[in-house]
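Trainee: My structure is below; once you've seen it, I'll send some questions.
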Amino acid sequence: MFNIKIKRINNLAKLPEYAHDGDAGMDLFSIEEKVIDPGGVALIHTGIKIELPEKTEAQIRPRSGLALKNSITVLNTPGTIDEGYRGEIGVILINHGKESFKVEKHMKVAQMVIKPVLKVKILEVDELSDTQRAEGGFGSTGVK
């Protein structure tokens, strides 16, 4: 198990937490109230900063319940928090619904998943190896 250092920068901040054993994502909590109008976008503050282990990233992902029940999702999903970033963790939410949505203090607004990062060496080549798929993409396998 890895350790993540977390610093509260606001006295309203709640530490991220796993809701259940075996969950991949930790819930992230808002420290503010904010209304997001239909089609609107808002940066939601969490009041925390993190220090990730070497060769990891934090991915900020939507919560399925907010998406299904309120049409609220993370705009740039997954949002990437790089290992060296030391600023406040913010969550960019978008309202795809038809009604305004109110973010409450201490509301669970997103999930944070910690993932390993592989560094690769770039090799420029003239040809790539052949595969069965080749250049098939964008629905090339059909829907049934």
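All positions are counted from 1 along the displayed chain.
Positions of Cβ are set from backbone N, Cα and C atoms, glycine also.
Feature annotation from Swiss-Prot assigns substrate binding site to Arg63, Ser64, Gly65, Asn76, Thr80, Ile81, Asp82; the stated evidence is sequence analysis.
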Trainee: Around Ile81 (substrate binding site), how many other CB atoms lie within 10 A of its CB?
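Mentor: For Ile81 (substrate binding site), the 10 Å Cβ neighbour count is 19.
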Trainee: Going by DSSP, is Ile81 (substrate binding site) sitting in a helix, a strand, or coil?
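Mentor: For Ile81 (substrate binding site) - judged by DSSP and reduced to three states - the answer is strand.
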Trainee: Around the Cβ of Thr80 (substrate binding site), how many other Cβ atoms lie within 10 Å? Please give the count over every shown protein chain.
Mentor: 12
Trainee: The record names Arg63, Ser64, Gly65, Asn76, Thr80, Ile81, Asp82 as the residues that bind substrate; what is their largest Cα to Cα distance in Å?
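Mentor: Taking every pair among Arg63, Ser64, Gly65, Asn76, Thr80, Ile81, Asp82, the longest Cα gap is 26 Å.
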Trainee: If one looks at the chain holding Asp82 (substrate binding site), which residues at least 6 apart in sequence have a CB under 8 angstroms from its CB?
Mentor: Leu52, Glu57
Trainee: Of Arg63, Ser64, Gly65, Asn76, which of the binding-site residues has the most Cβ neighbours inside 10 Å?
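Mentor: Top count of Cβ atoms within 10 Å goes to Arg63.
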